[in-house]
Amino acid sequence: MSDSNSTFKDLGVAKWLAEALNSMKITQPTTIQKACIPEILAGRDCIGGAKTGSGKTIAFAAPMLTKWSADPCGMFGIVLTPTRELAMQIAEQFTALGSVMNIRVALVVGGEDIVSQALELQRKPHFIIATPGRLAHHIMHSGEDTIGGLKRVRYLVLDEADILLTDTFSDALATCVQILPPKEKRQNLLFTATMTDQVLALKDAPPTSGKPPLFSFHVENLDDLAVPASLQTTYLLVPEHVKEAYLYQVLSSEEYKSKSAIVFVNRTISAEILRRMLMQLEIRVTSLHSQMPQRERTNSLQRFRANAARVLIATDVASRGLDIPAVQLVVNYDIPANPDTYIHRAGRTARAGRGGEALSFIAPKDVSRIQAIEERIGKKMDEFTKVGDTALIRKSLNKVTVAKRESLMAMDKEGFGERRKTQRSKGKQTKSLHS
């Protein structure tokens, strides 16, 4: 690996790109960048592992852009990622880095107009940043003039590869990959924050004939996924029927009323109920979940980044990768089934040595999950004592109950949830057509 004082130019990055990075105040390569950039430039397939915020995007973007600038023609590379927000963020970075070279970047994600995307693909963008489901839709339904360029791409990147290699994405991913050049004729780059069995299986696969050996690198202690030492991990035993009242009491308490927070839930309907309820209770709140139209999701993120909202209610779409400023409090309103998900959520606070707190609401059914999390992070959670006065909870319970009831009535009137049923129905019909 390159020495600790390496510059991007030392790593082999094109002069124009090193200057572009410098203008963005990115001057010192991170560990993952120093390890992977020279190897990718040398033509090796790569598996790179590092925690969120370690610079993984530039680790694959810099060598791809360097090679592209030497021969800037046609569709050059595809980056697949599991969420729309991550895709948008990566597309923004590619566009910013390549703007001096007139780069063309296409964003192909759900929630946006399909016809406009098809027209954009026909214009042969240099790089396509996509979610697998939407790109697979174009491959199955668009003409050769739209997707023909995919057959000649030189790079395939799977970002957040551990998620993309799960069953959730397997069908769409297979559709995307089958139209690309065979693996012998393209470079395959996988980046992840978690080394799962599926990722390790690819690492240990037999070498591809005619290609240099696979390069695999992960930043030390990645597999430990240890939570930062500056993070307080706390729990609060909360009866299920008064969880909303406890959440309101925490967020509006003297201790937390001016602090930024992300509240993680397991279901989209919970995110929507809590957003509406807290808004009625005059807390500056926004939300992020898969049932929101794309424009609303983008606006919601922008509001939270700009501190127009101090509380973000989110499903796990917000736990990884997204460029969200570090917050002071993470609340696990619902406990995740996977301990690693807890770690990714908690990673939204206590960054860069700063303090932070991850508070988990625990109902009796969650005890086994908490034990698994404590075993995974190697430490016991402390009991949360800052808020929890039962008299105060009882006092706020009535207005919280009213706010929740009014929120549910409004959602029912608007048909919230019907959209999801329609989407599921369409998905089943589409799947049956292609089965």
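Cβ coordinates come from backbone N, Cα and C, glycine included.
Annotated range for motif 'DEAD box' in Swiss-Prot, selecting from 159-162, 299-302, 363-366, 383-386: 159-162. Over all protein chains present, the Cβ of K56 (ATP binding site) has 26 other Cβ atoms lying within 10 Å.
Counting residue by residue with DSSP, the domain 'Helicase C-terminal' (246-393) contains 61 helix, 27 strand, 60 coil. Taking each Cβ in turn and tallying the other Cβ atoms within 10 Å, the top scorer among the binding-site residues S54, T57 is T57.
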